[in-house]
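K.L.:
Let me give you the structure first, and then I'll get to my questions.
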Amino acid sequence: MTTESENHSHSAVRALVGVAALVVVLTGVKLAADFLIPILLAFFIAVLSFPMVRFLRVHRCPRWLAVIATLLVDFAVLVGIGFLFSSLAQDFQVRWELFYEERLRTMGNDSVAWAEDMLVKAGVEDASQRVTEIFNVDNVMSLAKSNVGLVAGKLAGFLQVTFIVLLLMVFMLTEGRAFSRKMPKLKGMNGPDFSQLGRSAKDIQKYLAIKTGVSMATGFFAWLLCFFLDLDFPLLWGIVAFAFNYIPAIGSIIAAIPPALLAVIQHGFPEAMVVLAGYLLINMVWGNLIEPTLMGQRFGISTLVVLLSVMFWGFIFGPVGMFLAVPLTMMVKVVLDNSKDLKWLSYLLEKESTTPRIAKVLANSVIEEQDQEAEDQSAPAGSKRKKPVSVTE
């Protein structure tokens, strides 16, 4: 009993020390977020871009030229989208000050007057003061204006980080192959086992490629919807839908809010309902039907874990963490898979249906055959052997 209680005590102390160490590590990661974010962006963009380098190498292009060509394509795409979004955002800000702000203020005042009238008819005293306490038009307008400026500031910061990201990508794409050759040798030198990271990188590559294709389709149909509904800046809302589709679970919902509010300002509530219904249809087709079909069960992260990972990595790395939540969680899952003490956490992250049905059937068949052999060995000589259960049964 004493030995058992000591083991429980040691396990509790070990768990407490592990939790404390995890808190310290996460605190350090959060404090170093400004340093780590460009590295993470460069790594994942390099993973997504590596197939282009490999394609050029297969066609006998020198590595340095393949890396430069890939870098130029990435630079053109990132900077092109950034400047296009910046230009559209500036036009939207001008339009906001000239038309949207006054229109929204008028709608807010009309809503306040309607609410006051309803309260007066209901016999409520000091109706005007009560409505103002709940809904202040000036506060709402200042909040909306500050958010527009905040988005512009964040975009400027993103363009400054782009140069650092591209510089890091040069070295990652150049030395990636040499590093991959070193990884199998580390285990023989009493180092960590990184053999699974190659498979993880391919999974992340596949995930980002599929996600990019689905996001492009989502952005295209969002632009088409806003264009036919005669909303201002349809291209801007298409880019927003493309970008926010990288955020799992909640990204498409967030992307639908600005065009819906703009539809209220331009055309009224019925048009806004059409916008929301259109975004819902686009997300159902591409996000709930086509994307899961293309992804399959290989990535195997449950929906709840995806949502929690968006919140967690968003807390650690801000908006970039929300965009990279699934790839980061996939990397953590690989690390947990290679840990004897923490492998159970990797199992908790998986979907219940991750294991294919045929694999379960074969595993059950092997177990049944082993049990049958054990029964035959323990049975008296001359007794009749039972027929093993086949996989088809």
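Note: Cβ is positioned from N, Cα and C throughout, glycine not excepted.
Just lifted these from TrEMBL, have a look:
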COMPBIAS  383-393  compositional bias 'Basic residues'
REGION    369-393  region 'Disordered'
TRANSMEM  12-29  transmembrane segment
TRANSMEM  35-53  transmembrane segment
TRANSMEM  65-89  transmembrane segment
TRANSMEM  151-173  transmembrane segment
TRANSMEM  208-229  transmembrane segment
TRANSMEM  235-265  transmembrane segment
TRANSMEM  272-290  transmembrane segment
TRANSMEM  310-336  transmembrane segment
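So that I understand the layout, could you describe where these features sit and how close they are to other parts?
P.N.:
Away from its own ends, the transmembrane segment (12-29) comes close to residues 36, 316 of its chain (Cβ-Cβ under 8 Å, at least six residues beyond either end).
Long-range contacts of the transmembrane segment (35-53) within its own chain (CB-CB distance under 8 A, at least 6 residues past either end) are made by residues 29, 63, 66-67, 69-70, 73-74, 161, 164-166, 168-169, 172-173, 176, 201, 204-205, 208-209, 212, 317-318, 320, 324, 327-328.
Residues 44, 47-48, 51, 235, 237-243, 245-246, 252, 255, 259, 263, 267, 271, 274-275, 278-279, 282-283, 286-287, 290-291, 294-295, 327 of the same chain lie 6 or more positions beyond the ends of the transmembrane segment (208-229) yet place their CB under 8 Å from a CB of it.
Long-range Cβ contacts of the transmembrane segment (235-265) within its own chain (Cβ-Cβ under 8 Å, at least 6 residues beyond either end) map to 81, 84-85, 88-89, 92, 100, 103-104, 107, 211, 214-216, 218-220, 222-224, 226, 229, 271-272, 274-276, 279-280, 282-283, 287, 303, 306-307, 309-310, 322-323, 325-326.
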K.L.:
List, by number or range, the same-chain residues at least 6 past the transmembrane segment (272-290) whose CB is under 8 A from its CB atoms?
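P.N.:
Same-chain residues near the transmembrane segment (272-290) but 6 or more away: 214, 217-218, 221-222, 225-226, 229, 231, 241, 245, 252, 255-256, 259-261, 263-264.
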